[in-house]
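All remarks here apply to the structure that follows.
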């Protein structure tokens with residue numbers, strides 16, 4: 001957290017700490033603006049440490065916010081905007097990486113671990129149950145038992 | 001002179017740590033009482049030496065001795081006294097000193113309170129602690145020495161980073177480290193148990209208070225840090241899924257799992273191997289966190305490559321301890337006997353579920369945090385894994401856990417009755433549904449998912465209360481009798497209920513803020529009014545002010561509701577003179593659990609300011625809930641079972657026999 005604060009402090013060095021969206025950027029159409037905000041949250045400020053362009057006050061973040069709004073005003077769908085931004089800045093700009101071969105492990109890990117863990121637990125539980133039920137008597141043991149019972 | 005003595009004390013501490021690392025282990029093998037007795041004495045000596053060394057550094061800060069490079073870089077003669085103190089750990093070298101101090105503090109506590117431990121176990125635990133101490137003392141002396149002098153001494157310091165000039169710095173790192181480093185004790189206990197190849201319920205009983213204490217401090221530390229970031233950074237965020245935050249959150253999650261599995265081990269002797277593994281993993285994650293934060297590897301892989309001494313050193317420590325512990329585990333764990341059996345539907349079973357989900361959540365965060373790093377190193381491709389990813393994956397994982405929490409305490413050990421537990425939780429579920437719907441209605445609707453979230457939050461709270469209700473047997477017994485039963489419950493029962501209740505409160509805060517938060521960004525001129533969260537804010541204008549080491553422009557806002565003035569606040573922008581660094585000091589007004597958060601932006605042409613106003617409904621529940629969890633931890637820690645502690649050594653066989661009979 002300290003580090004976070006430190007970084008925020010260092011990054012804020014250049015301009016005065018103005019924050020995120022400025023009134024002059026806001027679109028008149030509230031629906032479009034809402035879409036722009038939702039997109040901004042998922043786009044990374046390229047010069048910042050783990051900040052979305054929605055949170056950042058850096059020049060570059062501002063440019064990107066304006067760019068997103070311009071595309072939206074030109075009638076792009078959300079996907080088209082994202083595609084365009086990615087084509088310009090690369091996958092790095094997405095805070096939630098797309099599902100691909102490279103991010104396969106990342107995206108499947110939670111489900112695989114959960115299912116794998118559950119499977120292991122089930123196997124252990126079954127193993128224990130089996131260990132608890134005694135093995136059936138061998139023929140010899142049965143004979144011996146019969147003998148004992150018969151004697152009595 | 002004091003500085004040099006302090007420096008020397010640190011070197012002596014290293015020498016002591018080396019002795020304690022080796023001699024007691026040999027003593028434990030040979031059953032030599034004198035050699036083993038060295039461990040507690042040596043640990044206390046180590047603590048005193050490091051304490052002296054740390055005090056010497058603090059002294060240099062308090063008297064502003066700028067001939068010390070570390071002081072010159074991070075202090076200023078005009079700085080308020082409290083920040084001269086806390087500034088000691090507001091930098092890399094000093095924070096490592098604090099880390100070390102807390103580590104040896106825990107060793108000394110084990111030495112002091114561990115008199116009832118078996119001699120060999122105590123010797124091995126303290127030796128393992130000393131190994132960690134040795135590694136980190138070496139790290140400080142070789143790569144991060146705060147005792148280096150400057151010649152000639154500068155006349156004035158470069159000031160502490162303004163964002164750190166806050167009471168938060170005085171509280172957050174010590175709490176966080178008490179948690180982080182506290183898990184070292186669990187780690188050492190696990191290593192010692194593996195070395196002896198013997199582990200039993202008594203072991204779990206000794207480990208549990210340490211886990212509980214560390215967990216409680218870590219909870220407090222994380223919550224404190226979150227609140228600090230919230231009010232200091234000026235955009236009202238309270239959790240960023242920043243790698244540094246993740247680094248402290250992962251040990252917390254693993255520690256929470258450990259807390260629960262140690263419970264199973266203590267009561268039922270089951271999950272032994274898993275508990276040992278968790279103890280190792282929890283501290284390994286603490287170490288990993290230290291590496292991530294301290295090596296600079298997160299800022300950029302390249303920054304790490306240009307000055308890798310510190311990073312490589314911690315990486316070596318990391319591999320040595322994690323690798324060593326896991327190797328020891330792989331070698332010795334099969335020798336540990338598995339303990340009690342239980343049906344899947346039972347208290348044990350629910351705690352296993354808790355462990356499964358918490359472990360997977362920890363792994364998810366770990367993978368998410370390291371993935372970009374590994375991918376870039378391997379392929380050179382850069383991707384980002386940020387808040388949206390973690391919110392989604394972690395959020396999904398938490399849903400089943402939160403639903404399951406109230407069931408756990410309702411199930412009996414060994415074989416539980418799920419149907420019976422459900423019947424007893426009908427009331428809690430009904431109340432949660434009503435409360436969720438009422439709150440949803442009051443807030444004028446919103447996404448339907450919000451109802452679901454709110455109901456889960458209330459379910460957690462009411463479920464915790466239901467646990468106490470049925471333990472005291474209210475409803476079946478006369479109220480007076482039930483009340484007496486309630487007050488007679490062991491404190492750990494209250495600890496559990498409080499912690500689970502607090503969890504519900506935190507979830508409530510999170511759901512409310514994410515769903516109903518409003519943000520208003522406006523250009524305000526003097527006298528203008530803006531509506532937010534049902535309140536009207538009037539901007540009364542700007543004023544300039546001068547602090548001890550900063551100048552500020554502050555804006556005044558009057559807040560009224562229905563024409564009646566209810567509060568006012570200042571929101572300011574500061575410029576710290578020594579570093580020419582600006583910060584924002586948001587104006588925060590609290591209404592019940594909710595807050596108005598006012599932050600100043602840039603001045604606009606023709607007078608006036610850009611102002612950002614957030615309405616943060618129920619935001620205080622986020623930290624309030626953590627506070628309740630923390631209180632739960634302390635209440636549980638004061639339980640007679642733990643207070644009396646592990647039984648005296650002589651009385652032990654009898655006690656164990658009693659437990660077996662229970």
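Quick reminder: no glycine exception, Cβ is built from N, Cα and C everywhere.
Note that TrEMBL annotation is computational and uncurated.
Residues or ranges marked as domain 'Cytochrome c assembly protein' in TrEMBL: B:89-295.
The domain 'Cytochrome c-type biogenesis protein CcmF C-terminal' annotation in TrEMBL covers B:315-640.
The transmembrane segment annotation in TrEMBL covers B:6-26 (among others).
Taken from TrEMBL, the feature transmembrane segment applies to B:38-62 (among others).
Summarising the annotation, TrEMBL assigns transmembrane segment to B:96-113 (among others). For the transmembrane segment (B:96-113), same-chain residues at least 6 beyond its ends with a Cβ under 8 Å from one of its own Cβ atoms are 13, 39-41, 43-44, 46-47, 50-51, 53-54, 57, 88-89, 122, 125-126, 129-130, 132-133, 136-137, 139-140, 144, 146, 173-174, 177-178, 180-182, 184-185, 188, 210, 290, 294, 645.
Annotation comment: TrEMBL describes B:125-142 (among others) as transmembrane segment. Long-range neighbours of the transmembrane segment (B:125-142) within the same chain, counting only residues 6 or more positions beyond its ends whose Cβ lies under 8 Å from a Cβ of the stretch, are 10-11, 13-14, 17-18, 20-22, 24-25, 28, 39-40, 42-43, 46, 50, 93, 96-97, 99-100, 103-104, 106-107, 110-111, 114, 117, 184-185, 187-189, 191-192, 310, 313-314, 317, 320-321.
The transmembrane segment annotation in TrEMBL covers B:175-195 (among others).
The transmembrane segment feature in TrEMBL is assigned to B:207-229 (among others). Only residues 6 or more beyond the boundaries of the transmembrane segment (B:207-229), in the same chain, are considered here, and those with a CB under 8 A from a CB of the stretch are 106, 110, 166, 168, 171-183, 185-186, 189-190, 237-240, 245, 248-249, 251-252, 255-256, 258-259, 262-263, 266, 275, 279, 622-623, 626-627, 629-630, 633-634, 636-637, 642, 645.
Distant neighbours of the transmembrane segment (B:249-266): 179-180, 183, 186, 201, 203-205, 207-208, 211-212, 214-215, 218-219, 222, 272, 274-275, 278-279, 281-283, 285-286, 288-289, 339, 347-348, 351-352, 354-355, 358-359, 361-362, 365-366, 369; these residues of the same chain sit at least 6 beyond its ends, with a Cβ under 8 Å from one of its Cβ atoms. Per TrEMBL, the feature transmembrane segment maps to B:249-266 (among others).
If one looks beyond the transmembrane segment (B:273-292) by at least 6 residues along the same chain, the residues whose Cβ comes under 8 Å of a Cβ in the stretch are 99, 180-181, 183-184, 186-187, 189-191, 193-194, 199, 204, 207, 211, 243-244, 247-248, 250-251, 254-255, 257-258, 261-262, 264-265, 298, 311, 314-315, 317-318, 321-322, 325-326, 329, 333, 336, 338, 355, 359, 362, 366, 369. Annotated transmembrane segment per TrEMBL: B:273-292 (among others), in sequence order.
Taken from TrEMBL, the feature transmembrane segment covers B:425-442 (among others).
Summarising the annotation, TrEMBL assigns transmembrane segment to B:448-472 (among others).
Annotation source TrEMBL lists transmembrane segment at B:493-516 (among others).
The feature transmembrane segment is assigned by TrEMBL to B:617-638 (among others).
This prediction places the mean pLDDT of the domain 'Cytochrome c-type biogenesis protein CcmF C-terminal' (B:315-640) at 90.
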